[in-house]
């Protein structure tokens, strides 16, 4: 694990932010993120005084403070703030989410990114990092808030949240397309289904591969590939795959989703749109010359896994679908790994993608998600 004692300075000598195992006597040198709970939330705002709490690490933004979020506030996000959310699943790993309100200042967003990097270092560089933007949140983020998410105008003084929960995370993937067929995580509900696509319901020890009555032959082939990939890589070959056609839903599926309602039809135009949004390119990022350089290594997926060199970082561009991935090789130099989010931001600007509509996912080697793996033809 990387030493947690690193800190950064905001440019104001009066305000330093850093991670520490011990409580500081200085009120402005504190960290208020619990690494013991399953989810922690922090809002970055101005403050005058900051309470101390023995059971938590603490931090102060520039300047800033956090306080416990009241139960009625859980899931309420102010569009003028930025949030940092830590989901700690113990042996299953941790995820760091940066949530950006549509009216949050760029300074707040920078602070949020810097603290996310420090928290990532504190946890040994192992967490997967996500940048979520208001109105375009991923299903992984939304599932953290069982009561749903609501937006409020303005900002608040500060906030913090802890919640308990563990176990396997259930996921639903939609398989769609003809030439560029991809899996996309969607809301776990019958409302996400239609007759023309295939779906995978990942329940941990059971993986349901569901085929719609109007799905094309390419989607049927892909759903089997993705189900096997989940079993072999995420479950280490220990999960069972249950194949199901529309109208023959297994008990495991009905127990989670309930009885199936009437499903929507599908059209060929939808598959054509999916093909366009599923396109992807792969770029290598290196500072071997002394400055960050981005080089395209492949403009067409599926990519070969051997392209991911352990000594460098890579950007997988699925910007047409509103998604950018940064893969960090385990032997990439510290500067490259530390600047992963900045790499993504620079790339989004260079490609002229809408920053506030583009999700970013930062993946350390060994923590790749199924959505990332599917772009490679030989991951197994």
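Using the three backbone atoms N, Cα and C, a Cβ is placed for every residue, glycine included.
Curation plays no part in TrEMBL annotations; they are all automatic predictions.
Keep in mind that this is a model prediction, so the values were computed, not measured.
As stated in TrEMBL, the feature region 'Disordered' covers range 1-21 out of the listed 1-21, 22-42. For the domain 'Gelsolin-like' (68-142), the DSSP-based tally of helix, strand and coil residues reads 27 helix, 23 strand, 25 coil. Per-residue confidence over the domain 'Gelsolin-like' (68-142) averages out at a pLDDT of 80.
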